[in-house]
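Copied from TrEMBL, the annotated features are:
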- 204-469: domain 'G-protein coupled receptors family 3 profile' (DOMAIN)
- 204-227: transmembrane segment (TRANSMEM)
- 242-262: transmembrane segment (TRANSMEM)
- 274-295: transmembrane segment (TRANSMEM)
- 316-337: transmembrane segment (TRANSMEM)
- 362-385: transmembrane segment (TRANSMEM)
- 397-417: transmembrane segment (TRANSMEM)
- 429-455: transmembrane segment (TRANSMEM)
Amino acid sequence: MCTKKEKLTKTNTMFEAQLQFVSDAVMAFAHAFKDMHMDLCDGKPGICNELKPIKGTELLKYLRKIKFTGLSGDEFHFDPNGDGPARYNIIHFKQVAPNDYKWVRVGQYLEGELKLNISEIQFKLSHPNPPESVCSLPCSTGQAKKYVDGESCCWHCFNCTQYQIRSPLDETQCENCPMGTTPNELKTICIEIPEQFLRPESGWAIGAMSFSSTGILITLFVVGIFVKHGDTPVVRASGRELSYVLLSGILLCYLLTFALVLRPTDFVCGIQRFGAGFCFAVVYAALLTKTNRISRIFNAGKRTAKRPSFISPRSQIIICCGLVGVQVLINGVWIAVSPPRAVHHYPTRDDNHLVCSSHIDASYMIAFGYPILLIIICTIYAVLTRKIPEAFNESKHIGFTMYTTCVIWLAFVPLYFGTSNHVPLRITSMAVTISLSASVTLACLFSPKLYIILVHPERNIRQSMMPARHGVGKNVALTGTSHSFIGPAAAIVPNLPNTQTSCLSVKLVRVDESTQSDVYELELENNMKSNNIKTQSTQSTQTLNNNYETKYAQTLCHNAIIPEIIQTPPDHSPVPEIIGNDTKINNCNGNANNNCNS
């Protein structure tokens, strides 16, 4: 009960916190009425006629404009939306001691601004950190969201795979990084994997280039020796023109290594593709031309006296160029149909190889197919000519070269196809194989010639290049000069018919020089001579004295080859007298002097 004597004092008066809102509402209307009365009644006390009755719309205008300090000490006013100020005290029911709890103000929300004293907030006395009251925490890096059905604020996080990032446009999706790229550490973007290719500074490339450089120096040394001693029998017997072609092909094989270790570009890939087959075609086309020439010369000598066609140096060069031209045509068509390109190759997800397109598959066999065919044919010729006279044993050297080359390539093919995931090793194996094949050819074909030229120059004479002549007695002398080869053709044959011989003296056959392989020409004449004489030897030898030694030779009279039967008396006479580069002819009768060209 109120006694009507109660009063409020400023010192001991306490209000419940909720009463401030009631007070602010009452005070808002009071201030609105006051402002309205002052404007409409001109300060007159009481209710004037303008306030009878009070219009609600007019009162609302004054309510929106009021501004005062409430009982809480805070300023009160209405915002543009007609709402009062949002003022809240944040209180926390806190355990301050064991079994002791109290409400503690830890912050306030005033005029749209929240202020919290985090240090005053705790979950339990022994757990000072406050708990988080959320449905789902933000996903970590490399994770995407999967929303819970029916909930827009709750989700589950799942990991993107090793090569995925979270989509920048949709946080619920993971995106695969393109080939040749990998996610960054935060898995927010895809970054490019560094390009891998056979770099010139790598160990593989340095080893291959060192091998090739040594081969280039040796090849240039051989070329210099052949140029310096180009007119000696050893060089001439080997066929200078084809030897230079062969050395050029060997040099190209070594130079190709430097193109293989360059950074792949479309131009470099074109050089590699064209050069790989071309250098081999030059080498083995020259070898095939050599072996084919040897085979045709000795086979022709067994069958006929006719000189084989296309054995001159010019013909040999044309044949060799024709064989090489086939490879050029193959390469040209291949490049036109499938232009060389530098591409990125991805053997695995972590690789980014920059290679020529031909290194990815087996298309390089297009370049090697024709040279391999030349190797096979050349090997067959080497086998067929392996039993020719010892002085012509270059075919044996060619044969050994072909056998070794076949072994090298048989080892290279599985290595090439077995290193598809290791392109630097594949390219290095190709470079080393090409250089090794060139080295075998250089060593087997040119080292015997260099040995004679440099170590035993006394053997670098025409007699050393000639095979042993069957049917020529030990009393017949062979003389070689720097300009021609002079050998015995006929000796005196007593009581022979005039139709078979017109010379009663020893005549020397002069064989003109050839710019290539003189000894092959001489052996051809020797073989043809033997075949022509065999027909008449059976009838003629029956009339000869058994005390004489029967021999066969040729006499070139009036530019015709006439087979003759030679009888050398036991006293080994007559013997031609050799003076310098000429021969003195003795014991020719009148008929002989008229019919023979001395």
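From the backbone N, Cα and C atoms, a Cβ is placed for every residue, glycine too.
Since the structure is predicted, the reported quantities are computational estimates derived from the model, not experimental observations.
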The transmembrane segment (397-417) vs the transmembrane segment (204-227): 3 or more CB pairs under 8 Å:
no
Test of understanding: applying the rule of at least three C-beta pairs under 8 Å (pairs 6 or more apart in sequence), is the transmembrane segment (429-455) touching the transmembrane segment (274-295)?
yes
For the transmembrane segment (242-262), I need the partner stretch with the highest count of C-beta pairs below 8 angstroms, choosing only from 204-227, 362-385, 429-455.
204-227
Long-range environment of the transmembrane segment (362-385) - Cβ separation under 8 angstroms, sequence gap at least 6:
273-274, 276-277, 280-281, 283-285, 287-288, 291-292, 294-295, 298, 323, 326-327, 330-331, 334, 338, 395-396, 398-399, 401-403, 405-406, 409, 416-417, 430
Give the mean pLDDT for the domain 'G-protein coupled receptors family 3 profile' (204-469) on the 0 to 100 scale.
85
